[in-house]
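Only one structure is covered here, and it is reproduced in the block below.
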């Protein structure tokens, strides 16, 4: 019953579209399939990626009835390779939007798909061979670290003692730390300690407790991800320490953006590394086909500071992240 | 007559083993001493309180794991089960908050205890009725629980209602006469565990099944029931840990409790419980949990180890502690 209803709705939608676009029906007749391959929601950020990919799928399919978007999630690099094989075996792909689990393992399989003439959009993590991709969309991890550091240097007047919590040993983590450290080293600010907390709230809480026990004075703390920042703040509040002027994160997690919007004094800013970049990538890929707007090249999303003034633009209340 | 005989045998045995039973406590003392030498802040009451309170989760779950391991079983699902129970508890509390107000907290805790015990029962029944290795069963349920919590949180986080947060916070951060509540709860759980294990018929059956299940079966012990019950105790302990866990950060995420199963099993084994079953040491497990937490704390407080090598040093210390244990055992 339900499917029949849906079928009728689809049919009538097609008729309406058909009559409305009667003149351009010729161009619209061709159907396009865009496959989107992304990591499954295993932590906050990838949860956001899945959310935004599904939102973009709905919006694009509503806006362009001749474009079919297929979103497929994978829980590991091997699973992603298999899902790529399945996708290209069961569909004729006009475009593939992929956020690769790892660069090395996915390069070959994506090249395979590209050899069939599929338009390739790579998101976030680059492939080992950039010549495979037609479009590259990514955030700027170095800027995430550097912009936070610049803000901190200015606010602390170029001196002070800070501690840093880093994530899981990966390129993303290395780049953020590198961008941050490069700027801090130019100033009089001393980094007392840097340790891994694996982008995990619990581990960040524990590590911050230990930092607080170890150092009697800490002017600011930077957790290179907002998930960890929530654990850090809990530890600082519980210890009742007032020497910490700033507790900063990064990534633009919903809860932290809410704090920024509310004008929190300890967390007045964040820096985006938005999971919604997957939506940017899907839209740009769709434009290539629907709008005949050329979209080849590299597109690097900036990491501007999120402040109370612009926080609204980075806030997605419906997103899990 | 025979029961009196058994009692005296047990008592003399208990006395004989006592020296090697002290090994985990000696190891703990050595590591604490080391910590005190490395950084003067280590012995500060604040730091000590933090570390002891933090170890409560692993210690409480460890009490349950001691039962499972003593029967010759193994539960790999505990970390994921904790995350799942935490998720269910938060959802239950949030749903009840509008009608029950602060009473939603004890009601949610009750839900957690029931759900946790049922999760344990499921592990136990599949293992015993289905006659499948507990390693495989719990590896499967580990994936199931982890996927469920990821599903429940949409990959993001699931937070407790703001109105309950303030009322619930003290369960982790508060104290009674200076002793934090999680520590009190740990002591109660461990006392109960020790009583059941050392003073009841069921407890004797646990070690009997673990040391030789065939002999136990021939002696009229219902092996399947004993093993299943151990898994239920494990599930119950996981729920108790969840009750202490939620007030700390007030949220569940897909990474909640990740790899805790390994920490819990390590704590039990460091504490003198035999991985092949037959020998259980509740207070040793508690000491093991403290050892793990203190090592991690000392690593951060010392400046000697590069951040990249922390895990290697932790691993080495655990192995050295086990070797020392073996050495004292052999004597």
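Yeah, the Cβs are placed from backbone N, Cα and C, and that goes for glycine too.
Marked as transmembrane segment by TrEMBL: B:22-39 (among others).
Sequence annotations record features per position, and here TrEMBL assigns transmembrane segment to B:51-70 (among others).
Annotated transmembrane segment per TrEMBL: B:103-126 (among others), in sequence order. Only residues 6 or more beyond the boundaries of the transmembrane segment (B:103-126), in the same chain, are considered here, and those with a CB under 8 A from a CB of the stretch are 64, 75, 77, 81, 84-86, 88-90, 92-94, 96-97, 132, 134, 137-138, 141, 145, 161, 164, 167-168, 227-240, 242-243.
As annotated by TrEMBL, transmembrane segment applies to B:132-151 (among others).
The feature transmembrane segment is assigned by TrEMBL to B:172-198 (among others). For the transmembrane segment (B:172-198), the list of distant contacts is 49, 52-53, 56-57, 59-60, 63-64, 66-67, 70, 206-207, 233, 237, 240, 243-245, 247-248, 280, 282-283, 285-286: same-chain residues at least six beyond its ends, Cβ to Cβ under 8 Å.
Per TrEMBL, transmembrane segment is recorded for B:228-247 (among others).
TrEMBL lists B:281-301 (among others) with the feature transmembrane segment. Sequence-distant neighbours of the transmembrane segment (B:281-301) (same chain, 6+ residues past either end, Cβ-Cβ under 8 Å): 21, 23-25, 27-28, 31-32, 34-35, 38-39, 41-42, 47, 50-52, 54-55, 58-59, 62-63, 65-66, 186, 190, 193-194, 197-198, 263-264, 266-273, 310, 313-314, 317-318, 321.
Taken from TrEMBL, the feature transmembrane segment covers B:308-327 (among others).
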Tertiary contacts of the transmembrane segment (B:228-247) (same chain, 6+ residues out, Cβ under 8 Å): 56-57, 60-65, 67-68, 70-71, 73, 75, 78, 81-82, 85-86, 89-90, 109, 112-121, 123-125, 127-128, 160, 168-173, 181-182, 185, 189, 193, 196, 202, 206, 256
Close approaches to the transmembrane segment (B:132-151) from elsewhere in its chain (Cβ under 8 angstroms; 6 or more beyond its ends): 68, 73-77, 79-81, 83-84, 86-87, 119, 122-123, 126, 252, 254, 256, 261
